[in-house]
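Listed in TrEMBL for this protein:
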type	residues	note
REGION	31-52	region 'Disordered'
BINDING	G96, D117, S124, N125, L126, H127, R128, K141, D185, H186	ATP binding site
BINDING	C234, C237, C325, C328	Zn(2+) binding site
ACT_SITE	C251	active site, glycyl thioester intermediate
DOMAIN	378-479	domain 'Rhodanese'
ACT_SITE	C434	active site, cysteine persulfide intermediate
Amino acid sequence: MESENDEAQALRQLILATELRLKNLKEELAEVETRGPPHGRAEETPNELESLKDSKWPLTAEEYLRYGRQMIVPSIGIQGQLRLHAASVLIVGAGGLGCPAAAYIAGAGVKSLGIVDGDTVEVSNLHRQILHSSSTVGLWKVDSAIHNLKGLNPNVEYRAYREHLSPENAADIVSRYDIVLDCTDHPKSRYLISDICVLLQKPLVSASALRTDGQLMILNHPAAPPGSNAGGPCYRCIFPKPPPANQVVSCGDGGILGPVVGAMGVLQAVEAIKLITAGLKVSHTSDDAELQDPKVLPSPSLLLFSANSPSPFRTVRLRQRRPDCFACSSQAGLTPESLTSGSLDYVAFCGSAAPVNILSAEEQISAAQYSELRNDDSKKEHVLLDVREKVQFDICHVDGSINVPFSKLQRDLDTTYPWLPETSPADAPIYVICRLGNDSQVVTRKLKESGLGDNGKRSILDIKGGLMAWKKDVDSSWPEY
Ligand SMILES: [Zn+2]
């Protein structure tokens, strides 16, 4: 009985808090509607910081309480807090890295926090993108994130950029901030962000994560101009060439464990707070850079995190700036004009993994046709080969299918075909299926070339569009994962 009362009491208080938040949102909306968004981009107004100028104390009473526990850390102190109070931070990407990074940076009390992301929240994001919630699915990620951050710390000035960072908008956006966090998940964004940070002399905290592994680097720190030996290396110094497009695996394809990417985002916030409180300069000129002694440059390093390793954290030392770097060396080909004019084509530079299209129409069958044939007694005798990785096959598969992972077939196509059922007739057709219909085409071609088709006696067909088409055209209950 008592616990029911407690629960009712807690719910009453939550309703009150939500009503208050709703009232604030309505007030914000009314204000935005009167003002109209400038340049089509929402700019959040600063609040509650304006009364500081005449005060005897540099922070408000509420701020002393709010930041007290971090201010008494010796490496932060009041000096560090005031530097945070003056700092502006840009987070590119409001996903698995950006959400925890933004939460801790907003919580630490920076002056302004900009977030760039052109995507909307999806249910499949929620296990790792902790600022979003089931109730914000379908909203812009930046709006969902900032809504949450305002609850966390209303003293920060938030700016929402509902777009992807591009060569056209990068200079305008990045120039407003002191430090940038790359929380994106694709090489083309990484090169663009690094290039604009070199050009505008902004330090960059870069991280990435996939499956159970992550990595973290501080780049362009100190943020000296291109050609200066006093600057830290840029992304191109470490990775002059992007990985082949077909080897780039995104979280969607490769999978990601929430707390792994979360840990990397938290570490980005740690590094950003360390840089700011150590006295990050607000603007860097060539003269500033000359003051830096190359002998006392911080030694750049790459932090590797591997959740399944017995010693999960490792550090690899990195070299200083590459003497022939395209972006930051004295021979740099990168200029503000080349970046904004579009002559640097980041998509072309990084390549794109285009959908595979290597089979003729006769070598493919639609999901619907395949489903019909499963129901036809005279055509039932066949082999359905599912080439997804085992972990995906275990989640769901079509009845009667045989699993031989694509990676295994690529590595070693055993031409005794040990996976073929012994009872299956030598001319039983083989249908190949995968998640989206790319890998299955490669396997279909490979099996035919290996002679399994026996000069046309046995047909080997690819199921076009894979299990995505199966869900769309045949079985709507198929679990999309
Ligand atoms: Zn470089």
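A Cβ is built for glycine as well, from the same backbone N, Cα and C atoms used for every other residue.
Overlay of TrEMBL feature records on the structure.
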| residue | record | contacts (Cβ under 8 Å, 6+ apart) |
| --- | --- | --- |
| L126 | ATP binding site | H132, S133, S134, V137 |
| C234 | Zn(2+) binding site | S194, D195, C197, V198, L204, L219, N220, R321, C325, A327, C328 |
| C237 | Zn(2+) binding site | L318, R319, Q320, R321, R322, C325, A327, C328 |
| C434 | active site, cysteine persulfide intermediate | D386, V387, R388, F406, S440, V443, G466, L467 |
Which recorded positions from the set S124, C328, C434 have a C-beta atom lying less than 6 Å away from ligand 1?
C328
Additional residues around Zn(2+), ordered along the sequence, whose Cβ is within 8 Å of the centroid of C234, C237, C325, C328:
S194, V198, N220, P233, Y235, R236, R321, R322, F326, A327, S329, A332
Among the binding-site residues listed here, G96, S124, R128, which has the most company in the form of other Cβ atoms within 10 Å of its Cβ?
G96
Fewest-neighbour residue among binding-site residues, criterion Cβ within 10 Å, set C325, C328:
C325
What does DSSP call C237 (Zn(2+) binding site) in the simple three-state scheme?
helix
Of the residues in the domain 'Rhodanese' (378-479), how many are helix, strand and coil by DSSP?
33 helix, 14 strand, 55 coil
Where D185 (ATP binding site) sits in the secondary structure, as DSSP reduces it to three classes:
coil
Please give the greatest C-alpha separation between any two of the ATP-binding residues G96, D117, S124, N125, L126, H127, R128, K141, D185, H186, in angstrom, as a whole number.
20
